Amino acid sequence: MKLSLRNIDRSFGAVQVLHDVTLDLHPGEVHALIGENGAGKSTTMKIMSGYLAPTSGEVLLDDRPVAFASSEAAEAHGVVLIHQEFNLAELLTVEQNIFLGHELKRGPFLDIRAMRERTRHLLDRLDCHVAPDAVVRDISNPDKQMVEIAKALSRDARVLIMDEPTAVLTEREAEVLFSQISRLRAEGVAILFTSHKLDEVKRISDRVTVLRDGHVVAQAMTQAMTEDEMATAMVGRDVSSLYPERAAPVGGEIVLTVEGLTVPGHARDVSFDLHRGEILGIAGLIGSGRTETMEGLVGLRAATGTVRVEGRAIRRDRPRAALDAGIAYLTEDRKERGLLLDKSMRENLTLQSLRDFTRVLIDEAAEDRALDQAIADFDIRAPHRAVEVGNLSGGNQQKLLLAKTMLADPQIVIIDEPTRGIDIGTKKQIYEFIHGLVARGKSVIVISSEMQEVIGLADRVLVMRQGRLAGELSRPDINEDRIVRLAMGLDGVRGAA
Amino acid sequence: MTATDAKGAGAQGRARHLDLKVLGPILALLALILVGALLNANFLSMGNITNVLSRSAFIGIIAVGMTFVITAGGLDLSVGSMAAFIAGLMILVMNGLLPTMGPGWPLVFVGMTTALVAGVAAGFINGFLVTTMRIEAFIVTLGTMGIYRSLVTWLADGGTLSLDFGMRSVIRPIYYDGILGISWPIIVFALVAIAGEVVMRRAAFGRHAAAIGSNDQVARYSSVNVNRVRLLTFVFLGLLVGVATIMYVPRLGSASSSTGLLWELEAIAAVIIGGTMLKGGFGRVWGTVIGVLILSLIDNILNLTDGVSPYLNGAIQGVIIILAVILQRDRKAGA
Amino acid sequence: MRHLAYAALAATLAMPAAAQETQVIGISIPAATHGWAGGMNYHAQEAVDRLEGVYPQLDFVLATASDPAKQVNDIEDMLATRDIDALVVLPFESEPLTGPVAAVADAGKWVTVVDRGLAQEGIEDLYVAGDNPGFGRVAGEYMVSAMPDGGQIVALRGIPTTIDNERVEGFQQAIEGSGIEILGMEHGNWNRDDSFTVMQDFLSKYPQIDAVWASDDDMAIGVLAAIEAAGRDDVQFVLGGAGMKEMIQRTAENDPMVPANVTYPPSMIATAIELTAVGLTSNAPVSGEFVIGSVLVTPENAADYYFPDSPF
């Protein structure tokens, strides 16, 4: 089945977000839709799948105009959107999720046997080995993704639209997904996906459409475009060097010493140093305890061990202790732990440093000035100042989160997944910002699941495996092969530390 | 779009966005006042206004505290029972010390201190169980609601605790007198409301309470001491229950197991009518004040009017409460 | 009539208690949620304590309920697990309790119903009742005698129930044609705070009120406070009811605002328990209906109705 958009315009109030968008999804073809945050990708996908109606233009299904009244209507036509945040009931089983709202029945009763049978069949087809009666909460992210796809297939999806399917997957997990996508393509399903990872786009898509500011700026067979060309089309300028050159040398002074940090159930006996002006990368598979170690370090989790800042041991039993010692931790989960989505930018910006804006009362004028400064410094783009932060794009949320963290003026910044779900132009801005920090004598720890990010940014890399430090790599030795070997436990040699 | 564009668009967008949700409760209040004035000429008399405002004070003072608890994502069902218990305690302490201290302001002062200390202690117990023991606020306060109600019944031996007659004339002015013709309960209510509004909007405590109600994980990751702020909202509410009790006891000089019955629901209703979100994350004290006034005006108007069967009073209250909330529905639709 | 009951009791006390098996009397009453109920709880407990000494062969099970559903549970539990021989019940509400109490009677147990009748006649062996229409009538007759030339009054009603309706009807019949006009009537719910509020509003609404029928002493206290606060001197008196000790005391002391009271004694529960004990342990006939009339209390006889130890 072929799904086409013809000359689609879409406005929200006075703001037009899509201009004359035309594209075709062919059966048995994988189509990548790329663009910066706010370029109009989400709106395009929502119009395809019936969540939004176009302001003008046509949606065609096998060349006949259709008007989906709702996402349910689109699903009835075999067009299914899989959201970036999984739309699964965490406490139900895989099988219950797949048939949610479409339960098979025998007479008045649920036909559990038939549903289990079909679930097994669907999962087999996807080469996914999760049990039909497993509770969704307990299965891994890629398995959840497979369950979403199985759910779509159970509704006879012929057009599958995926919003950043690899954003929450590790590279290995993404591989599994890609092989499933190839399988579906072979079965004649039309697939559209978005991604910020251009290497992925290059590898698995057949055709690519680039959006910028709501316009289609490029549309081609994937093999006809290089990654650089894609990036240039997205940003409208040359972005060939994503990672800035190191401007200032790493200082010799040790600012942070961690000794024997143990986070029960997550990390054991982690020790390392951090130098002034250094970017320290932390790599490892998801589940290797990277995030938990850092949360233990700043007191967000119960932990034992010693943390010294410039020689002075810090307490971790009070929420502000780490911050007062100059350590700020920027969470990987900006929607659930980083920002208050139903509050304005101003309230979010100053939440962590409210003390600095308060004498007896909060100085709202000073807050406003801080927001002006943050908007300018971090290039935060918002429709208006009172906008609820949940309505900002991911990249702008991340910039606001950075601004919020930096407002407390920390000497040591721990950034967990600095660019997850963020477009390439914003990524570059964030990398430049990180370099700016170390140039000013601050020290940065970057946790990332993106190998290229760690390699491109870090002066030194610690690799974690199963809650322990598996090894340390310094500048000339930092490469993908060494990191993977350490992370997978193939290479237990520790560097000099 | 540049930063300067953002500012201009922001001002307009905000103004439009705010209108209905702000005006909703005010419109409801004005409509009630209009209806009252049309139905009875005495409605706008000084005497009636004083009556309505004074009797609103108990629930009103408590509801200001409740606004903070609800904004921080909590709930307190125990305030009515707590008020009854504190009133009983205050009367017992004053009666007990009367032979040694004699009637007079020192004894009134002791009674007031008792009420405030008992309120803070009761609020602390609720807050401690909710934060440190991690029990749902609904369950904790449902439990303490029953405990305080039983305790006051037990203290009163199933009957009524009455302040010794010698003390009544000394303490009476706290409810009935005032300055410049404005009675003390009205003055105290106004001061509590103004202080509450300022704290909610302009103090770090109010901002932190809203942040916790909005998403306590975000607050925790933003170095906010979540447990302490939550605990303080309950302590603050307990203190205000103590203040309300200080106003209440002088009125009739007695407390029984029926004192403060259903005050918790009236206070919660006032908070919600005022536009605070029941699930937390957003609160406004001035709205709560309007909610309290709406609730007491309904009673007042029904008493001043003939033609409506008293059996239907509850139904009319219910309809007006729901209407007042529907008037602010724009909030949700706009989001 | 109360005295009659004690006389009968005294007669049975003289008889030696026959050596027989322990018998159990279950007592189910509403919890002490307002003054009168508090007094009733006090008298029930007091009767139980006293009778346990008098009748060693009797066991008493006392349960208080805060709502009708809880009371039904209490009664079912008593029948199932305590193996009661008699039930003394003051029903929270007539309708919901009729079935469960009938089940007790069907099981062959003695049933004494107090104050509030059941919805179906003939279930109980003994009915000890207050006289609600009489309560209203006595109050109305006093109003008529106190205001021979008529006048304007307001009335406060209790919680909307049959009891309240019967009282108000009795009152209205008694004042019919006397020239007394009821300006307004609202529910004060037998509650001091509610009646204070209602009276404040009555005072705003009516410039001239000659007297108030508060119909209950708790409500009378709220009404008196509202009048005092408003500084109005047009109200000549407030007539409460049920005989709360503080109010009886004020009547005895010739307080002009509280010139009289009408009894509705909470101790009727004690009468019922005693009569049931007599019925179980002796051959004295106690079945039938036992109405405890409402009596007008005036400064002359107030001393007879003042019980300083009762909480009510």
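Heads up, the Cβ atoms here are built off N, Cα and C, so glycines get one too.
On a predicted model such as this, the values are computed, not experimentally measured, just so you know.
Residues 273-275, 287, 290-291, 293-294, 297-298, 300-301, 304-305, 320, 323-324, 327-328, 330 of the same chain lie 6 or more positions beyond the ends of the transmembrane segment (B:22-44) yet place their CB under 8 Å from a CB of it. Sequence annotations record features per position, and here TrEMBL assigns transmembrane segment to B:22-44 (among others).
Here TrEMBL flags B:56-75 (among others) as transmembrane segment.
Residues or ranges marked as transmembrane segment in TrEMBL: B:82-101 (among others). With a threshold of 8 Å between CB atoms, the same-chain residues lying at least 6 positions outside the transmembrane segment (B:82-101) that come near it are 58, 62, 107-108, 110-112, 114-115, 118-119, 122, 144-145, 148-149, 151-152, 155-156, 161-164, 166-167, 171, 238, 241-242, 244-246, 248-249, 253-261, 263.
Taken from TrEMBL, the feature transmembrane segment covers B:107-130 (among others).
As annotated by TrEMBL, transmembrane segment applies to B:137-156 (among others). Long-range neighbours of the transmembrane segment (B:137-156) within the same chain, counting only residues 6 or more positions beyond its ends whose Cβ lies under 8 Å from a Cβ of the stretch, are 69, 74-78, 80-82, 84-85, 87-89, 92, 122, 125-126, 129-130, 255-257, 259, 264.
Sequence-distant contacts of the transmembrane segment (B:176-199) (same chain, at least 6 residues past either end, Cβ-Cβ under 8 Å): 46, 50, 53-58, 60-61, 64-65, 67-68, 205-206, 240, 243, 247, 250-251, 284-286, 288-289. The transmembrane segment annotation in TrEMBL covers B:176-199 (among others).
Among the features that TrEMBL reports, transmembrane segment is placed at B:229-249 (among others). A Cβ distance under 8 Å defines the sequence-distant neighbours of the transmembrane segment (B:229-249), meaning residues of its chain 6+ beyond its ends; these are 57-59, 61-62, 64-66, 68-69, 71-74, 76, 79, 82-83, 86-87, 90-91, 111-112, 115-124, 126-128, 130-132, 163, 171, 174-175, 184-185, 188, 192, 205, 208-209, 212, 219, 255, 259-260.
Under the heading transmembrane segment, TrEMBL lists B:285-302 (among others).
Taken from TrEMBL, the feature transmembrane segment covers B:308-327 (among others).
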So if I exclude everything within five residues of the ends of the transmembrane segment (B:285-302), which remaining residues of that chain have a CB under 8 angstroms from its CBs? That is, six or more out.
25-26, 28-29, 32-33, 35-36, 39-40, 43, 48, 51-53, 55-56, 59-60, 63-64, 66-67, 193, 196-197, 199-200, 266, 269-276, 308, 310, 313, 316-317, 320-321, 324
